[in-house]
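Enquirer: Pasting the relevant annotations from Swiss-Prot:
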{"type": "BINDING", "residues": "152-159, 481-488", "note": "ATP binding site"}
{"type": "DOMAIN", "residues": "359-394", "note": "domain 'UVR'"}
{"type": "REGION", "residues": "74-105", "note": "region 'Disordered'"}
{"type": "REGION", "residues": "107-354", "note": "region 'I'"}
{"type": "REGION", "residues": "407-598", "note": "region 'II'"}
{"type": "ZN_FING", "residues": "3-32", "note": "zinc finger"}
Amino acid sequence: MLCQNCNINEATIHLYTSVNGQKKQIDLCQNCYQIMKSGGQEALFGAGNASNGNSDEPFNPFNDIFSALHGQDFNGAASTQTPPTQTGGRGPRGPQNPRAKQPKGMLEEFGINITESARRGEIDPVIGRDEEIKRVIEILNRRTKNNPVLIGEPGVGKTAVVEGLAQKIVDGDVPQKLQNKEVIRLDVVSLVQGTGIRGQFEERMQKLMDEIRKRNDVIMFIDEIHEIVGAGSAGDGNMDAGNILKPALARGELQLVGATTLNEYRIIEKDAALERRMQPVKVDEPSVDETITILRGIQARYEDYHHVKYTDEAIEAAAHLSNRYIQDRFLPDKAIDLLDESGSKKNLTLKFVDPEDINRRIADAETKKNEATQAEDFEKAAHFRDQITKLRELQNHEVSDDEIPVITEKDIEQIVEQKTHIPVGDLKEKEQTQLINLADDLKAHVIGQDEAVDKIAKAIRRSRVGLGKPNRPIGSFLFVGPTGVGKTELAKQLAKELFGSSESMIRFDMSEYMEKHSVAKLIGAPPGYVGYEEAGQLTERVRRNPYSLILLDEIEKAHPDVMHMFLQILEDGRLTDAQGRTVSFKDSLIIMTSNAGTGKVEASVGFGAAREGRTKSVLGQLGDFFSPEFMNRFDGIIEFSALSKENLLKIVDLMLDEVNEQIGRNDIHLSVTQAAKEKLVDLGYNPAMGARPLRRTIQENIEDSIADFYIEHPEYKELVADLIDDKIVISNQAQETAETTDEEVPAE
């Protein structure tokens with residue numbers, strides 16, 4: 001067995017100890033053992049200052065072993081071949097090595113000097129936080145309890161306030177009491193790390209506080225200050241970092257600046273004694289205009305880092321688009337993310353040279369040149385010399401101003417599209433054509449509902465132009481009418497026209513939400529109930545895909561509490577789920593369908609019905625099913641009229657196109673004569689049932705006949721459906737053409 005230190009000599013010394021209840025063994029040779037015995041264990045395994053546990057290498061596995069062995073009698077703890085009996089208790093310490101490395105200060109070891117970073121110009125400019133910085137300075141200028149805590153939502157710029165304070169100290173723009181102060185950010189995780197033995201953390205905290213008292217020029221900054229509550233606690237006592245700091249915080253011996261979020265500040269509020277020693281400073285989210293100012297202040301830093309240029313339009317777009325489309329984050333953080341990510345994406349288009357690859361190629365060329373020179377092949381040596389010159393020029397090449405890429409508003413829009421799946425850029429490019437042709441495109445697929453299509457197209461135009469409220473959904477409509485007239489079909493086609501795919505539609509059948517507790521299915525279960533950790537079906541899907549159409553079928557079947565929940569969505573475009581997250585519906589289109597009230601006016605449905613009177617009658621019946629405040633929040637209540645025979649003839653063509661699309665997979669094509677179409681309408685016409693009976697009629701008279709004919713004659717691919725003896729018959733196209741030619745009868 002070789003020595004674990006030098007890995008050369010044979011290990012003749014075996015040391016045993018117990019660390020954290022586990023038995024550890026070190027195998028050393030005689031020389032290495034003498035070095036450790038004399039106190040020079042820093043030479044072994046790079047252990048550093050093992051006696052106090054503050055090693056430069058905190059993850060060294062031998063630190064705790066050396067700490068445990070340091071207090072033992074080495075003469076009794078080692079033997080040449082047989083393991084000694086483990087000794088309890090601590091003996092006197094061995095002589096210290098005078099050449100041992102002196103430990104760094106606690107603040108230097110566990111902290112980062114923000115003031116020094118400000119002197120070197122390494123922090124970004126702090127813009128628009130003068131009031132918060134002024135408030136922090138006022139609290140720090142107090143005699144006691146001079147410990148400000150910055151609280152605010154994630155990403156609003158709490159840490160930037162502390163950096164602004166450090167910059168003001170460097171500039172001398174602070175009161176006399178704060179002159180020459182040093183703002184040092186303390187890493188609580190590193191402070192707790194390596195304190196596995198009871199009492200080590202308390203000793204380390206005491207040394208830290210003693211050092212701060214001696215220096216008397218330290219303002220300690222703890223990010224995520226709620227971590228000090230319970231930090232270092234053994235679990236069976238209250239001796240954590242928060243309790244250790246309480247006396248010093250109350251007497252003003254220690255100046256502390258903290259930062260935490262609103263939710264996590266509640267952890268500190270639970271400890272009233274700790275909370276009273278701190279003075280909260282609220283950091284609010286900046287406005288869009290303030291965010292633009294902040295972005296312009298840090299613009300140069302990101303341009304230098306990414307080697308790009310930002311246009312003024314890109315800066316403004318980053319603020320406006322992030323505020324409009326990114327809902328889960330806060331300004332200015334989400335706007336800075338757009339700036340940074342767009343710069344990163346554009347930076348990848350630059351053709352930078354890998355320095356390591358160039359150095360490797362230069363070294364290879366140097367070697368080959370020397371070999372050619374020694375071989376007196378001077379022509380080849382000259383070739384490698386020229387190659388080295390070109391490589392060095394390439395190594396020193398810098399991107400000129402003309403080659404620097406420029407980030408425009410279009411680049412910012414692309415980043416927003418990637419993050420939110422909302423086609424921001426396409427909205428502007430295709431908006432005019434889409435809005436002009438929206439009604440015609442919908443009428444091509446939804447037959448007989450021209451009035452309803454025109455109303456919804458006008459409402460969407462108003463919303464797109466910006467005449468609607470900014471926080472309301474794109475549109476909210478209630479489709480009312482008898483069954484089978486195209487209410488759901490219009491919603492599908494609308495999703496396809498607006499969002500490019502009918503899959504963007506989020507559909508709910510409200511017959512599944514007839515119970516009071518079914519509200520939890522939409523927004524999530526309340527705390528304490530099964531399924532609390534799971535997200536709601538509605539809120540989660542909208543949060544993941546905010547640009548979508550929400551279809552609520554048969555809304556009158558839903559429980560009243562479910563409809564009450566939609567009052568806030570229709571009015572304010574927002575809803576809070578069971579987890580407390582606010583979900584935005586500003587980019588959603590909400591459509592609800594209902595046939596409520598149509599049963600009482602069926603007698604007036606038909607060819608000669610007075611449409612004006614029927615409309616008033618249906619809308620009047622809705623009051624029996626929906627509350628006035630619910631109906632009053634829609635952008636429009638659209639009634640669908642019953643379908644006429646002429647409408648069904650057009651619908652037959654659409655349904656037959658679907659049949660041809662299905663059988664086209666087998667290379668079959670079907671042609672239907674006009675007489676057969678009229679027969680299908682006669683068989684499937686029912687004013688009270690709409691177009692659904694027509695689908696069943698086509699299935700029975702067309703699809704079944706095609707299946708029978710194709711099974712008997714699989715070689716025929718061109719089929720025709722004609723009316724023969726008042727029956728619809730499927731035959732081969734060529735055969736049908738020959739018969740009609742002989743009889744001189746028109747095909748249709």
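Including glycine, each Cβ sits where the backbone N, Cα and C put it.
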Enquirer: Average the per-residue pLDDT over the region 'II' (407-598) and send me the rounded value.
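Expert: Across the residues of the region 'II' (407-598) the model's pLDDT averages 80 on the 0 to 100 scale.
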Enquirer: Name, in the order they occur in the sequence, the residues of the same chain whose CB lies under 8 A from the CB of Thr483 (ATP binding site) and which sit 6 or more residues away.
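Expert: Counting only residues 6 or more apart in sequence, the Cβ neighbours of Thr483 (ATP binding site) under 8 Å are Asn595, Met689, Gly690, Arg692.
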Enquirer: Determine how many residues of the domain 'UVR' (359-394) DSSP places in helix, in strand and in coil.
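Expert: Helix (H, G, I), strand (E, B), coil: 33 helix, 0 strand, 3 coil.
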Enquirer: So what sits near Val156 (ATP binding site) in its own chain, CB-to-CB under 8 Å and at least six residues off in sequence?
Expert: Val283, Asp284, Glu285, Pro286, Phe330, Leu331, Pro332, Asp333
Enquirer: How many other Cβ atoms sit within 10 Å of the Cβ of Val485 (ATP binding site)?
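Expert: Cβ-Cβ neighbours of Val485 (ATP binding site) within 10 Å number 28.
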Enquirer: Long-range neighbours only, meaning 6 or more apart in sequence with Cβ under 8 Å: which ones does Lys158 (ATP binding site) have?
Expert: Leu150, Ile151, Gly152, Ala259, Thr260, Val283
Enquirer: Does DSSP put Gly481 (ATP binding site) in a helix, in a strand, or in coil?
Expert: coil
Enquirer: Provide the number of Cβ atoms within 10 Å of the Cβ of Lys487 (ATP binding site), excluding the reference atom itself.
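Expert: The answer is 28 other Cβ atoms.
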Enquirer: Just checking, which of Gly152, Pro154 (binding-site residues) has the fewest C-beta atoms within 10 Å of its C-beta?
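Expert: Per-residue Cβ counts within 10 Å for the binding-site residues Gly152, Pro154 bottom out at Pro154.
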Enquirer: With every protein chain in view, how many other Cβ atoms are within 10 Å of the Cβ of Gly481 (ATP binding site)?
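Expert: The Cβ of Gly481 (ATP binding site) has 24 Cβ neighbours within 10 Å.
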